[in-house]
Amino acid sequence: MSSKPSYYITTPIYYVNADPHLGTAYSTIIADVQARYRRAAGYSVKFLTGMDEHGQKVAEAAEKHGMTPQEWCDSQAPHFHELWEELEISNDDFIRTTEPRQKRAVQYLWERMQEAGYIYKGSYDGWYCVPDETFFTETQVEKADEARGTEGQHLCPDCHRPLERVKEESWFFKLSAFQDKLLALYDEHPDFVQPDFRMNEVRSFVEGGLNDLSVSRTSFDWGIQVPFDDEHVTYVWFDALTNYMTAVGYGQEGDEAAADFAYRWPAQTHIVGKDIIRFHCVIWPAMLMALGEALPEHVFAHGFLTVKNEETGKAEKMSKSRGNAIAPREVIEKLGVEGYRYYFMTDVTPGTDGAISFGRMEQVYNADLANSWGNLISRSTNMCIKYFEGATPERDSSAAGYAENPLAAVADGLFERYAAKMEAFAYGDAAKEVMELVHAANLYIENSEPWTLAKDPAKTGELANVIWNLLECIRITAHLLMPLMPSTSAEALRRIGCEGEAATDNMAAACAWGQLAAGLPVEKGEALFPRLA
Ligand code: ME8
């Protein structure tokens with residue numbers, strides 16, 4: 001095991017009912033940025049993503065495509081792998097719920113649940129939403145129908161799509177026993193659910209009273225068998241939530257698995273969309289409490305990417321089941337992968353819903369990347385090549401711009417300001433901090449007029465300081481932007497002769513002002529962010 005502190009972060013495991021889209025990618029990139037930041041900040045990171053392959057929805061998708069569920073899932077897995085690779089997702093593990101390790105963990109969990117006395121056999125009679133894989137009671141459905149004036153149609157209270165009536169024998173989890181314990185958890189750990197305004201929704205749901213949860217199905221068989229009851233397969237959410245522990249050794253044999261679990265569990269952060277907040281903030285902690293396992297530290301729930309429904313004119317959630325999803329390719333073609341990551345991570349606030357706008361994408365790309373950071377890199381490296389034969393200059397301590405300069409002042413404390421925002425998943429605010437240094441550097445070029453200094457041999461020392469200060473800004477901003485834009489940041493470091501720094505695990509030290517060595521080779525290269533017309 002590493003001597004570094006563990007940072008374990010997960011994304012939802014996605015249903016295999018269609019190709020991944022911008023929304024799925026959004027959660028995955030949020031987790032990737034955090035994972036990359038934490039690695040650079042000195043943590044031993046485990047970053048998990050994967051696929052949720054069981055359940056009725058996936059079985060139905062397979063049938064529609066004329067395949068067995070397993071064939072269908074196998075045919076879809078490469079689409080996820082390819083997209084994550086293209087989007088520079090640095091996951092350390094990729095779990096599929098049809099893997100043997102998941103079966104072992106889920107069956108182990110069933111046994112522990114039974115030992116603990118938190119499951120019992122009964123009969124379920126109520127409503128089921130297949131797209132959401134969620135049970136709803138008669139009262140929940142009636143209330144929702146009444147509120148919408150659609151009595152008799154029985155639509156899902158959450159996604160408003162038609163429900164199925166389900167009547168079957170089922171095992172139940174005693175969720176109702178955890179109401180007080182959950183409320184105590186929210187009181188004692190108000191940051192369990194982030195952002196904080198999402199906590200209200202979770203709390204009022206639990207205060208409204210909890211029903212026991214049906215956790216096995218008998219009307220179809222695409223799932224993990226209940227170990228002590230052949231007729232039953234595990235309800236897809238009971239199975240899926242367990243994945244977070246499976247991937248760090250839960251229910252697996254051997255000392256290594258036990259050591260891994262001891263080191264990695266509990267997870268620091270589960271990244272989820274707001275649609276699955278109840279599963280992660282109510283059912284999952286209750287399951288863990290029943291098992292006597294530690295609870296994850298935080299569940300970070302982001303909003304939806306929305307698209308306008310052409311018929312109603314209203315913004316609606318982009319989703320695979322609704323068929324209104326935009327393929328990531330469309331955005332990659334426009335902005336490139338790094339521009340794509342930068343736009344979604346800094347301009348689409350993770351707290352609230354965000355409407356997709358191609359116009360806005362272009363604006364952010366041009367303003368921050370083409371005109372600001374890209375421009376700083378190209379002007380500074382050009383001047384270094386022109387005035388110092390392409391080698392980082394030696395600073396002159398006796399000349400102006402050495403001790404007192406506006407850029408060192410902005411860089412002072414920058415890492416700490418940035419880190420606080422990164423850790424709060426406020427990536428847009430973190431990027432703003434970095435852009436302050438970028439803007440200050442571009443302004444510094446105008447104010448210090450290196451082209452005028454270059455004409456006066458007595459000002460060579462000052463010119464060296466100006467160019468050095470600019471290159472030092474590139475070095476520091478490349479470190480800070482690395483989690484958002486890994487390739488361009490590494491390329492920026494390479495162009496100023498600092499490629500060896502890209503893999504740092506001490507970002508705080510790397511971002512301290514004053515470290516750029518003299519005599520490193522500086523290169524110009526193609527524009528990193530060509531301006532969009
Ligand atoms: O719910 N905007 O899988 P899923 C933002 N298998 N994020 C979106 C989005 C959108 N329009 N659409 C989807 C499941 N997402 C379960 C999870 S976890 C133990 C099991 C993201 O394929 C968001 O993170 O329906 C949402 O919560 C998730 O995809 C749902 O993915």
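From the backbone N, Cα and C atoms, a Cβ is placed for every residue, glycine too.
Database features, via TrEMBL:
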type    : residues               : note
DOMAIN  : 7-380                  : domain 'Methionyl/Leucyl tRNA synthetase'
BINDING : Cys129, Cys156, Cys159 : Zn(2+) binding site
MOTIF   : 317-321                : motif ''KMSKS' region'
DOMAIN  : 398-531                : domain 'Methionyl-tRNA synthetase anticodon-binding'
Number of other Cβ atoms within 10 Å of the Cβ of Cys159 (Zn(2+) binding site) across all protein chains: 17
With the Zn(2+) site defined by Cys129, Cys156, Cys159, which remaining residues of that chain have Cβ atoms positioned within 8 Å of the Cβ centroid? Pro131, Asp132, Thr134, Phe136, Leu155, Pro157, Asp158, His160, Arg161, Leu163
Taking DSSP states H, G and I as helix and E and B as strand, how many residues of the domain 'Methionyl-tRNA synthetase anticodon-binding' (398-531) are helix, strand and coil? 84 helix, 1 strand, 49 coil
Would you mind listing the long-range same-chain contacts of the motif ''KMSKS' region' (317-321), meaning Cβ under 8 Å and 6+ residues beyond its ends? 15, 17-19, 21-24, 57, 131, 159, 161, 275, 304-307, 353, 356
Using DSSP, tally how many residues of the motif ''KMSKS' region' (317-321) sit in helix, strand and coil. 0 helix, 1 strand, 4 coil
Averaged across the domain 'Methionyl/Leucyl tRNA synthetase' (7-380), what pLDDT does the model get? Just tell me the whole number, please. 94
Which residues in the same chain, at least 6 apart in sequence, have a Cβ under 8 Å from the Cβ of Cys156 (Zn(2+) binding site)? Cys129, Pro131, Asp132, Thr134, Phe136, Ala144, Pro162, Leu163
